[in-house]
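Here is what Swiss-Prot says about this protein:
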ACT_SITE  Ser122  active site, charge relay system
ACT_SITE  Asp137  active site, charge relay system
ACT_SITE  His159  active site, charge relay system
Amino acid sequence: MTVNALLLSSSRVGDTPYLSHAIPFIKPLTTNAQKWIFIPYAGVSMSYDTYLASVVAGLSELRLDISGIHQHPDPRQAIKDADGILIGGGNTFHLLHELYKYDLVHLIREEVMNGKPYIGWSAGSNVSGLSIRTTNDMPIIEPPSFTALNIVPFQLNPHYSNYRAPGHNGETRAQRLLEFTRVDPITPVVGIVEGSALWRQGETLSLLGDNPAYLFCGEQQEIPIPVGSDLSHLLK
């Protein structure tokens, strides 16, 4: 079995309906996977039931059987029984805290590396990398470790944008990622713009969508990655 993981930057593009832009990206992963488990742990400002309902509605045209992990008495068994794993956005620190709390980090990695499809967006993409050290989120809770799922062996920065509002004096996203590369100059960071996604199929990694991504690594800063690029070298 080979890895089949889709890492979406966001759940929306502009004013589009929830997850609608991602349907063409998601559909190929559902060909042989009907029963999906949704992990809503990043959703801090809403109930898990509300979050689940929005995902079910957003993906309704795919006619999938989606349940929330919070509905199952044994979260680990729920992961094992599912055909595929969905992890939504929200607060990455809270998400990873709960994954460690229920002893799911190593299990999810094992299942995905053995071929179980994985779809994450925003925080769900953040945790697919080596660690969550390049998330945009506020550290509202402290997980036991920043080490994440390592489905891809580099860092991700979803919702990437280097826009600076006029008159704003805070750091840009590029400046924040530069700080990371000063501390860890050998680990690549891929910034994925809203509407874009990374798709890992075995030892192949490609960029989907209509916008470039951006690479940060050591002295290389904000290097554009053209749409459709083969990024398989980042898996080495």
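Easy rule for this one: first residue shown is 1, then count along the chain.
Glycine too: its Cβ is placed from the backbone N, Cα and C atoms.
Around His159 (active site, charge relay system), the C-beta neighbours below 8 angstroms that are at least 6 residues distant in the chain are Ser9, Ser10, Ser122, Asn136, Val193, Glu194. Ser122 (active site, charge relay system) is surrounded by 27 other CB atoms, counting those within 10 A of its CB over all protein chains shown. Using a 10 Å radius centred on the Cβ of Asp137 (active site, charge relay system) and all shown protein chains, the other Cβ atoms total 18.
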